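Here is what TrEMBL says about this protein:
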| type | residues | note |
| --- | --- | --- |
| SIGNAL | 1-27 | signal peptide |
| DOMAIN | 105-271 | domain 'NIDO' |
| DOMAIN | 759-801 | domain 'EGF-like' |
| DOMAIN | 806-849 | domain 'EGF-like' |
| DOMAIN | 850-886 | domain 'EGF-like' |
| DOMAIN | 896-964 | domain 'Thyroglobulin type-1' |
| DISULFID | CYS934-CYS941 | disulfide bond |
| REPEAT | 1034-1077 | repeat 'LDL-receptor class B' |
| REPEAT | 1078-1120 | repeat 'LDL-receptor class B' |
| REPEAT | 1121-1165 | repeat 'LDL-receptor class B' |
Amino acid sequence: MRGDPAAGRPALPPPLLLLLLLSRAAALHPSELFPYGQSRGDQLLQEGDDESSAAVKLTLSLRFYDAQFSDLYVGTNGIISTQDFPRETQYVDDDFPTDFPAIAPFLADIDTSGGRGRVLYRQDTSPAVLGLAASYVRAGFPLSSVHFTPTHAFLATWEQVGAYEEAKRGAPPSGELNTFQAVLASDESDTYALFLYPANGLQFFGTRPKESYNVQLQLPARVGFCRGEVDDLNRQGPYFSLTSTEQSVKNLYQHSNLGIPGVWAFHIGSTSPLDNIRPATVGGDLSKARPSAPLGQSFSHAVALEGDYTQDPLDDYDEIEEEIEYPPSEPAEASNGHSSVDVSLRDRISAPDSDLASPVPPSASQGGPETESSPLDPHTKERRPQGETDASDLKGRVESSEQPGTRVPTPAETEGDLPAPPGEAPPPSPEGGAGPVDQDALPAHPGGEAALPNYPGPDHAPHLGHRRQVVGVEDDISSNTEVFTYNAANKETCEHNHERCSRHAFCTDYATGFCCHCQSRFYGNGKHCLPEGAPHRVNGKVSGHLLVGHTPVHFTDVDLHAYVVGNDGRAYTAISHIPQPAAQALLPLTPIGGLFGWLFALEKPGWENGFSLTGATFIHDVEVTFYPGEERARITQTAEGLDPENYLSIKTNIQGQVPYIPANFSAHMAPYKELYHYADSAVTSTSTRTYSLMSGAINQTRSYRIHQNITYQVCRHAPRHWAVPITQQLNVDRVFALYSDEEKVLRFAVTNQIGPVEDVNECATGFHRCGPNSVCVNLLGSYRCECRSGYEFADDRHTCILITPPPDPCEDGRHNCAPASQARCIHHGDGSFSCACLPGYAGDGHRCTDVDECSENRCHPSATCSNTPGSFSCRCQPGYYGDGFQCTPEPTQRPRTVCERWRESLLEHYGGTPRDDQYVPQCDGLGHFTPLQCHGKSDFCWCVDQDGREVQGTRSQPGITPACIPTVAPPTFRPTPRPDVTPPPVGTFLLYAQGQQIGHLPLNGTRLQKDVAKTLLSLHGSIVVGIDYDCRERMVYWTDVAGRTISRASLEPGAEPETVINSGLISPEGLAIDHFRRTMYWTDSGLDKIERARLDGSERRALFHTDLVNPRAIAVDPIQGNLYWTDWNREAPKIEMSSLDGENRRILVNKDIGLPNGLTFDPFSKLLCWADAGTKKLECILPDGTGRRVIQNNLNYPFNIVSYADHFYHTDWRRDGVIAVNRDTGQFTDEYLPEQRSHLYGITAVYPYCPGRK
């Protein structure tokens, strides 16, 4: 038995070891998984390809979504469920949602046979495991789970497991093995899930479906959750999916929603309403590998995972799951790529709990070093000593080296609220120091307290030197107390570090370090102190990349100057040389200058303005959303300290889109009040501001929503008490904005006062702007307007107007479609429309011409075709009967027999209606006497011979029927031919390839007649992929990747398959028949070749054998003489076309496609359409490359597609069925899932006539 990981190592309390790894940017090490192994009490799942555990009876019921479960099952295929699993063929290759509850850290076709890995699972209530799980959860959900204390945990570990592989003689199994872990932590009311993916733990990212054979397809692993109650056809229901592509799976161990690469946390169940899974939202590293995104975009976990580290563009695949917004940040790394941590643990440390064999992973809160790095001196560019050693508020003493550690991102950064300006490295943290650790997110080890060591983290400021911390732990640490004590011999004190304080501050020693405090008549944070009541100045630079309306405007390092009158809270700001369109558009953005109003606001007694907290180093991040246009902009203001003249230095960066304001308009804003919420090292404020644009008699009211986040450094050594209340109110009494085109200067002026929240019920006093049909809702320090049902906000965001549906041009006649007898107008719901010709007409919908179906030989050769506007009719010629599409010769009239003549004679004699006792000869269908004859309806019967003569001795008594033998010999019995082909009935139907058989699915109009579907042809040992039909000879053709052949069979009764190509093939896939020219075309993905031959296999030649990587689908337009094919080359997928002779080869589509598996040409609409398993879209285009449009953008995993009438039918590898999609609406209308579940490949439509011309 293999040993347990990390066995025998000393264990440390979760909070301590959690901090040890905070600063490390590398992915999770395998030894940092939760401890596991049979020695830990783990049960071992039986090895195999599709195994599941017995029910694990949970000590405490687990909450999943809104339900409670007492059993769990663990499966081989990277999945946990609350019920036993169905066979893997019913779910392992399907996309979410599953039909049963699923918790899937890596759902794929995994096989542990032959000792290839193991799956372990257990319940756990040890303090070490519960403490570690609590630390993760609290770090990922710092607001909602601050008091979460799990009482039970369930762990499942997949260690070194491999993907299912087909056995190949002489070929060893793949060496690609995966290791990952799922942990479910619960208390009485909530359940959280943790997914852990260690570095190099994911070596394969998906699995090939069983029965894929030579077809090269790999389905990415699914990661997420599903409640199990879903509507399969509409693909909606309570589920959450984290991955959708191979790249998103690859990034699992490099990304995180906790800020720790490889660790993911989710809130999966609660007694409170939980509509869907809630992922953690800290995730500072999610955007690390991403370029800055436009402000109009939001990040989701799935979208963030889609990114390739080597590519810039974001994948644009839509996901159904709930999106969590992240700012487009991209933290810079330390100049050497990592930070170093030197942790010295003495030999005589005993483990408080031997169950904790693996170190605690990095904290998601990214709390960092508590030693404040000193900033650069603005003149010498050398570091000025400054800062105090900080061990947070936890008890203990820290042994620190003389060098401060490098910086760890602050919580605001890790929670996604503090991005760097796009295109720039993020500015350094205040003083180069670290942000705070969320103390509530890092609890002490159960039973005791843990000191928080001072560890370095990634340096976000290139100029900060790389330093190393050495943490010493004293020799004598009791294993009973679980309390760690640190040597404080080198604790930094005021004696050696007082010069780090402002010269207007005093230094105070505390148990864990020192802090600076401003002297009387000065205010600030102790590092920076300014005289009370004196005026202050601010100097800085402003850069921006803006879209003003739709016009790009750029400016770099223009001057900003501000003058602050401290004794009355007035702040004046001037920005020079911003280009006029941008300056005019920035008039409403008073937050640019409003920052200085908050910093130096007049303080009411007992209240403090911003500078008293932040000092001169902080970051002000602002997100603004304008209404009604929903333009978005981001302002980042970075304070870089005080210069030698005590002027505050600040750098401002503005990005995004702002509404255009004409040059003759001025902006006016009324006084307002804002609430500022104070947390540890961060201040936030969210509000809505209205402003007026005026020019002469024109007065337009608009608004914007503003989210502000200010982060700064605090000294934690002083006793923990909040000198500043949790919430303060900023009263802005005067607001002024002006742009002078002559001076090229943009000016802001504000008058501010900071103090307590003075709530006024604006709704009760009438001091609100909610209009008719709205409801005023009072808020603390503000109010909100809500529209009544059936109303919506007008542009001013206050007035409510009746919701009126957009006009329907199809109803009111404002469209330019062809007449209703020729075309249909399609309303898209937003006032737009499109036109489509009705069946029987051709054109663009605006002009439609009648299609002469008779010229296309739609009727049977023995029928007469009559063309009518928009339609046609077929009628069988004299001497034939049928519906005109199929005509059968009428049988000739045979002469009447003796029996029939005698019968007619007697009936005539009886007057047409005989009595019940009168005899009438009984004749069979061929006119022969039936062996039994009777008097009318009486019981007097007898037997007759073939001439109608009575057989003596056979006349019966009443109530007894004589036994008569047939008078006509039965036909000679001959064996029927071997029934390989079961002939289908007349009409339109679909043929689909399903492994070793070809299926038959009739159509009733465009509806699938699923109840009469059947197997048309069984081909044991074959794998049928491509399929097409020759309507002239009623032959079906197919490619066989197992036999490496192309074959055909007639649809006549008893026909047998015939091989037409049996050499020179490796992996023949797509197949297309030209029934006009009696030619077939096929693709070979093994040879990377496209070939053609006559239908009997003769005159074979290669058309193309270069510039092909993975050719698959192929389609032919016999009328225009065009050939089309797809190449799903992952590096450069494309759709190409040429003439049928291979001339004029050209690329038709190579943009915005992924895995174009299926291709079809509709001879009636003249559209070329494809199904893409990469983009999940069904799209169409005209052969000239115009008119591209998306029909459906939410496919699962399509393989092949065919069009008929106004519908598309495609085979799907997730559903293992045939899916119907309406061409006009894009809606899924029907699906057929064969009873035998296996993958479906090619599909074709069989008409009762040949489409096209002679």
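Backbone N, Cα and C atoms are what each Cβ position is placed from, and that goes for glycine too.
Source: prediction; values computed, not measured.
Across the domain 'Thyroglobulin type-1' (896-964), DSSP classifies residues as 12 helix, 12 strand, 45 coil.
For CYS941 (disulfide bond), the Cβ neighbour count at a 10 Å cut-off comes to 18, with all displayed protein chains included. Summarised as a single figure, the pLDDT of the domain 'EGF-like' (806-849) averages 88. The list of residues near the domain 'EGF-like' (759-801) in space but at least 6 beyond its ends in sequence, with Cβ under 8 angstroms from a Cβ of it, reads 627-628, 673-675, 687-688, 690, 701-703, 727, 729. Across the range of the domain 'EGF-like' (806-849), the DSSP-based residue counts are 4 helix, 15 strand, 25 coil.
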